[in-house]
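Single-structure report; data block below.
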Amino acid sequence: MATLRAMLKNAFILFLFTLTIMAKTVFSQQCGTTGCAANLCCSRYGYCGTTDAYCGTGCRSGPCSSSTTPIPPTPSGGAGGLNADPRDTIENVVTPAFFDGIMSKVGNGCPAKGFYTRQAFIAAAQSFDAYKGTVAKREIAAMLAQFSHESGSFCYKEEIARGKYCSPSTAYPCTPGKDYYGRGPIQITWNYNYGAAGKFLGLPLLTDPDMVARSPQVAFQCAMWFWNLNVRPVLDQGFGATTRKINGGECNGRRPAAVQSRVNYYLEFCRTLGITPGANLSC
């Protein structure tokens with residue numbers, strides 16, 4: 001019995017020691033708006049802690065160990081949402097210099113080289129009521145970041161591994177001889193998505209899905225249709241929520257490199273626009 005009591009005592013001491021270590025290295029406090037204690041780092045994802053995950057690459061404030069410039073904290077009142085100020089018209093946010101800077105990275109061997117244009121993007125955006133007034137700069141940075149990732153930095157306008165993507169549907173039946181593989185900057189797929197997008201936009205996309213790959217304006221319109229329907233409702237939850245809506249299969253540690261690719265695009269565009277990214281960047 002004495003041996004058993006000693007073993008239990010040692011196990012309890014070890015448990016308390018583990019809790020102490022965890023308390024020193026992992027913190028759930030969000031620092032996007034409130035900041036961290038003086039001895040803690042604010043991570044790229046907006047949480048306080050002391051390990052390399054907090055103080056390394058992307059560290060916003062505190063005793064950062066990364067050699068890169070820390071990301072500024074979210075200003076008071078900005079919260080983590082992508083619909084927060086600052087705002088401006090779509091033309092003033094997506095300037096020729098900003099858009100051309102994105103497209104300058106499209107390689108000469110890319111199938112979509114020269115396909116996506118600023119004129120098409122602006123025209124597509126202005127066909128939606130949501131973008132006819134002023135828009136949140138964070139939302140546009142997030143939108144272009146997700147479009148960049150999905151299209152391979154705007155290298156592609158059509159999916160490489162093409163399939164039929166035909167699902168039985170009474171409302172949007174497949175047209176014989178037509179395939180509904182990914183097209184456009186967000187790679188819209190399946191007959192029911194082409195049908196619903198076409199109905200909303202007033203375009204015959206169910207019978208002519210290739211229109212998305214022929215017209216840059218239609219390509220952006222389809223992507224923005226998907227964005228407004230599925231992504232825009234979660235803008236107040238931060239950039240990570242947009243990734244979950246577009247491809248939730250990457251989240252919860254399943255495809256961290258893909259998630260980070262999206263985050264990197266977003267941070268780059270935020271820097272270009274001179275805005276802070278907000279909190280909750282990952283999913």
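From the backbone N, Cα and C atoms, a Cβ is placed for every residue, glycine too.
As annotated by Swiss-Prot, domain 'Chitin-binding type-1' applies to 29-66, with the evidence given as sequence analysis.
The region 'Catalytic' feature in Swiss-Prot is assigned to 88-283; the stated evidence is similarity to another entry.
Taken from Swiss-Prot, the feature active site, proton donor applies to E150. In the shown protein chains, 20 other C-beta atoms lie within 10 A of the C-beta of E150 (active site, proton donor).
The Cβ neighbour count for N280 (N-linked glycosylation site), using a 10 Å radius and every protein chain shown, is 21. Among the features that Swiss-Prot reports, N-linked glycosylation site is placed at N280, with the record citing sequence analysis.
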Overall pLDDT for the region 'Catalytic' (88-283), taken as the rounded mean:
96
Sorry to bug you, but what's the C-alpha spacing from E150 (active site, proton donor) to N280 (N-linked glycosylation site), rounded to the closest Å?
20
Would you mind pulling the DSSP three-state label for E150 (active site, proton donor)?
helix
